[in-house]
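Student: One structure coming up, written as structure tokens, with questions to follow.
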2 protein chains.
Amino acid sequence: MPTDFASLRSQFDLPEGVIYLDGNSLGPMPKAAAARVGHAITQEWGKLLITGWNKAGWMAQPAAIGDRIARLIGAEAGSVVMGDTLSIKVYQALAAALEMNPERRVILSDTGNFPSDLYMADGLCRTLGPDYTLKTVAPEDVAGAIDDSVAVLMITEVDYRTGRKHDMAALTELAHKAGVLTVWDLAHSAGALPVALADCGADFAVGCTYKYLNSGPGGPAFIYVAPRHQDVARPALSGWLGHEAPFAFDLDYRPGAGVERMRVGTPPVLQLAALEASLDIWDQVDMADVRAKSIALIDRFIAGIEARCPSLTLASPRDGKQRGSQASFRHPEGYAIMQALIARGVIGDFRAPDILRFGFTPLFINEDDVDKSIEIIRDVMDRALWDQPEYKTRARVT
Amino acid sequence: MPTDFASLRSQFDLPEGVIYLDGNSLGPMPKAAAARVGHAITQEWGKLLITGWNKAGWMAQPAAIGDRIARLIGAEAGSVVMGDTLSIKVYQALAAALEMNPERRVILSDTGNFPSDLYMADGLCRTLGPDYTLKTVAPEDVAGAIDDSVAVLMITEVDYRTGRKHDMAALTELAHKAGVLTVWDLAHSAGALPVALADCGADFAVGCTYKYLNSGPGGPAFIYVAPRHQDVARPALSGWLGHEAPFAFDLDYRPGAGVERMRVGTPPVLQLAALEASLDIWDQVDMADVRAKSIALIDRFIAGIEARCPSLTLASPRDGKQRGSQASFRHPEGYAIMQALIARGVIGDFRAPDILRFGFTPLFINEDDVDKSIEIIRDVMDRALWDQPEYKTRARVT
């Protein structure tokens, strides 16, 4: 049955007068979220107290929810587990992959990666010692830089600024041919487009849930470990909930079975409850339908902006298959333009130095939103409404 | 003004017929929690969307809430920040401390430490290389094991099983005399008893908020870095929110100023909202009053149990000043006994191999609860009500 996008949209609470093109930064609130979290607080925490870990299933949530996300990213059942933040999961995946390739010392990434991934890799290299290095090349030079000096290829599939999409299947194959393990960051992929981790033979993957997966501010991350690696990968962050028998309280660490060894501490039950409300919506979705409609919406947006706003320069690939679920444009006054747009109800993101970023997801954005946003952007550009001191003061932190 | 315990108790929602002596595992729900989190969901996330990071103050929460916790643990303003889980914060503190003592390779801890701390230390040592070791001694042998081979002393102040309390001031002084840095785990201290991190000269401290601080299941952890170390300590987990300028999206990591460099990824806004509801209660509390009443309640409990239940053997120090805010008893059938008690509304914890653990906090436990729980325990023991197959099956995970 084809995905019913009108029904999906009706399951989100969207403020009046807002066209929200920033679900790729923080997804909007599912209408069911407050009730679901309220239930977790008053009926589970409030009434079950400590027994909620068993009776309400809190302890099993990270794996159970991982399986629901696995479907959206082409992962095997039992290969995804929730917890921590994306940066922490990057560290875990990198540390495990480096140890599995012990003769090599280089992490290869690209300058289009999200900075926090690079920071975490840099931190890990410093902890491991001076032999270890993080090497970054331009996104278009990644394939050529994969050689037998590289231990791990760490790539964010979709560039957070431009939306340019790497070819996961091709890069993973190249990496494996050179004896390189892969860590894929799906921050701008999960819920944005079909991902095929198992089919691509990916080794590790990580992602967050507060963007396209709409889990709310501070929602937890996920980590994928290919089944063939699960009993080999050592959790460098070896917390008790990744232990084979957490409640034996043994003094020695023994990693648990499967991907659950990548759990660290107590799972964020309230954030996971919000995520569950969102996954109830995602369960109704076919990712192929999402992808087709996302490309159509963005093609429409790009055509409209290019026709009406010649001073904005497309920064995203024109070919829908080459990009994620966003369209970005460059303008030297990008910051002020975005503030002016936000003041008029078109919410996107500014990303330094000059990127206006607009995220599209058919779960709650339709053609009418696209057309209206084009008109508002045209008006702001035609009348230079952004040219106000109030829009040029950089007080905004995100 | 003395702390008004009857008023505090009225601010928690406690199920009918339950005497909850497990607030040291998961604190009960403040009545205001659901509304506070509901507001964060519907009014902040729902209406402000991405602008909530500034307009609702989400980005500033980890430091602002850290300052409210600082008061409870004798820490300087600006020295505590929230995030992640306790295990992650242990790793960060240990990694930073080890680097600050580069000529040494030993982490010293004790066998009474919570296993996850030992697991994280072991994981860090494996990542650092074969020169690094975690050495554990019996709790009573810690002082004697501090010597100039030790880089970092990692101690949980209050033993999670017995409640035995280490002398933070004395051990920290001994450590410093031997050139050893200290990492204190306050899991069973924060909100349980007065802590004087600054006065003791502690170097690093970590703790969780879902026990005595009542933040709910999966509530975030905190980390303390002494002001004298804040510009030296390198965050091994170097995430973007610990960067000097997270939204400049620079490719190179530069740690931020002060304790905020220990931030890693996106803060768990919903869990932090629940914590805020609890801290509104904690703001009304004088920790000295809590300590005095806690000792009185536990003295009363121990006297009652010892008089009425001779087969239960006290596992906690008899001197209130030597223990945290719990009383533990040993019994070979401890598991079954605890299940029988839970079935009768007295909720404590079993901790392998034979410990019955009862947590007391004057915020919601009073003398009447103590007396009633003693009677129920007496009845279970006198009539061997625990001697049922249903209580001996170990299905319970926590």
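Every residue gets a Cβ built from N, Cα and C, even glycine.
Just lifted these from TrEMBL, have a look:
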type: BINDING; residues: B:Leu86, B:Ser87, B:Phe114, B:Pro115, B:Ser116, B:Asp117, B:Thr156, B:Asp185, B:His188, B:Tyr210, B:Trp240, B:Thr266; note: pyridoxal 5'-phosphate binding site
type: MOD_RES; residues: B:Lys211; note: N6-(pyridoxal phosphate)lysine
Student: Would you measure the largest Cα separation among B:Leu86, B:Ser87, B:Phe114, B:Pro115, B:Ser116, B:Asp117, B:Thr156, B:Asp185, B:His188, B:Tyr210, B:Trp240, B:Thr266 for the pyridoxal 5'-phosphate site and round it to whole Å?
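Tutor: Of all Cα pairs among the recorded pyridoxal 5'-phosphate binders, the widest measures 30 Å.
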Student: Would you kindly give the Cα-Cα distance separating the residue listed as 'N6-(pyridoxal phosphate)lysine' and B:Ser116 (pyridoxal 5'-phosphate binding site), rounded to the nearest Å?
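Tutor: About 16 Å separate the Cα atoms of these two residues.
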Student: List which of the recorded positions B:Leu86, B:Ser116, B:Thr156, B:His188, B:Lys211, B:Trp240 have a Cβ under 8 Å from any Cβ of chain A, in sequence order, or say none.
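Tutor: The recorded positions close to chain A are B:Leu86, B:Ser116, B:Trp240.
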Student: Please list residues from the chain of the residue listed as 'N6-(pyridoxal phosphate)lysine' whose Cβ is under 8 angstroms from its Cβ, counting only those at least six apart in sequence.
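Tutor: When sequence neighbours closer than 6 are ignored, the residue listed as 'N6-(pyridoxal phosphate)lysine' has B:Gly23, B:Asn24, B:Ser25, B:Leu26, B:Gly27, B:Ala187, B:His188, B:Ala190, B:Gly191, B:Ala192, B:Gly359 within Cβ distance under 8 Å.
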Student: Which state, by DSSP, holds B:Lys211 (N6-(pyridoxal phosphate)lysine): helix, strand or coil?
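Tutor: The residue in question, B:Lys211 (N6-(pyridoxal phosphate)lysine), is coil (DSSP, three-state).
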Student: Mind telling me which of the binding-site residues B:Phe114, B:Trp240 has the densest Cβ neighbourhood, counting other Cβ atoms within 10 Å?
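Tutor: When each Cβ's neighbours within 10 Å are tallied, B:Trp240 tops the list.
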